[in-house]
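Among the features that TrEMBL reports, active site, for sulfotransferase activity is placed at K127. Sequence annotations record features per position, and here TrEMBL assigns 3'-phosphoadenylyl sulfate binding site to K127, G128, G129, T130, R131, R208, S216, K333, G334, R335, T336, H337. TrEMBL lists C316-C328 with the feature disulfide bond. The domain 'Sulfotransferase' annotation in TrEMBL covers 118-357.
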Amino acid sequence: MEYSPFLHCLHVVPSSHVRNKLFVFCIMLSLWVYMIYCCVGYCSTVPNLTYGSARRRESAAGADNRDSSLGASRDLLNNENELDGRGDEWDEVRGEARALDDTAVSDFLNETESKKLPQAIIIGVKKGGTRALLEFLRLHPDIRAVGAEPHFFDRNYDKGLEWYRELMPKSSEGQLTMEKTPSYFVTREVPSRIYAMSKDTKLIVVVRNPVTRAISDYTQTLSKKPEIPSFESHMFKNKSAGLIDTTWSAVKIGMYARHLERWLQFFLIEQLLFVSGERLITDPAGEMARVQDFLGLRRVVTEKYFHFNPAKGFPCLKRPELNTKPHCLGKTKGRTHPNIDPEVVQTLRDFYKPFNRKFYEMTGHDFGWDPE
């Protein structure tokens, strides 16, 4: 028998049965310590959700102070933050960080999830409010959406569907996979490519008054390149003749009816939902009810998820189950539009009227952009 000082002091002689139990206990204890060590090591590599949330709250507070000094003319659907000097990269950087926050822990805990091609896509339009809609949808437990804009069907199509699938977040059975890339709506080749992937894909288009959208588009570019010519010089091909340059992207995107014709060559109108960018501000819960119905989802994201910020003039998000401070999207929402000659603006309104009327007829909905 092995000598044990502790047992010797107690004058106890352990039986072989007791020694076996002690041996098994030591092995089990060692295994538990090792598992805890591995978990701690893994967690150190997962994004710090609390820290990230705190940083976002600090950034939002700073943005509140900056926005309070802006004038009354505001771009309420501007999606960029202080990184907007990098152009479209902001959506990808911020979105990917959010995607990591949302998926890292759930992927670790649920290995039965898999990556799927999207069943629904937000296809447009730029400066319409697509980022706001995506963030609203990501509050829904049955939606898994990639934060970055993949630009697969317009810029990366040659990389193949498996490359595209790998960009998607993991989802479980019953969850809907989504992405958003606003340039899809105006890119000629995209409708046929999405149809080739799946003819049953549900498509969402966020539209906005094309005049306001064009000015917002120009304002974003101006913030990055202050030396560019005026809005007026871009808009006219021949000012004296009143001829508008329809090749300028800021104008071209707003010709919604012309772009929609290409989509209807492949998809039924019932497969497209047209969301009002203006109503995403004035009645976000109402628009979200329409979107959730269209996607066949429960109406989970309701008015309790929104808090209207009167200082900013648009709704902020909140999670009622967590009772946290509302989180406002777009830290530079409120960017001041440049002063544009009212006659130039009216000329652009008149230009869009026939396109708007046709768009209303095609969609069966009057968006009210042309008040009499």
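Note: Cβ is positioned from N, Cα and C throughout, glycine not excepted.
The most densely surrounded of the disulfide-bonded residues C316, C328, judged by C-beta neighbours within 10 angstroms, is C328. For the domain 'Sulfotransferase' (118-357), the model's average pLDDT works out to 93. Within 10 Å of S216 (3'-phosphoadenylyl sulfate binding site), judged by CA to CA distance, lie the following recorded positions from the set K127, C316, C328: K127. Most other Cβ atoms within 10 A: among the binding-site residues S216, T336, that distinction falls to S216.
Counting only the Cα atoms, the space from R131 (3'-phosphoadenylyl sulfate binding site) to C316 (disulfide bond) is about 13 angstrom.
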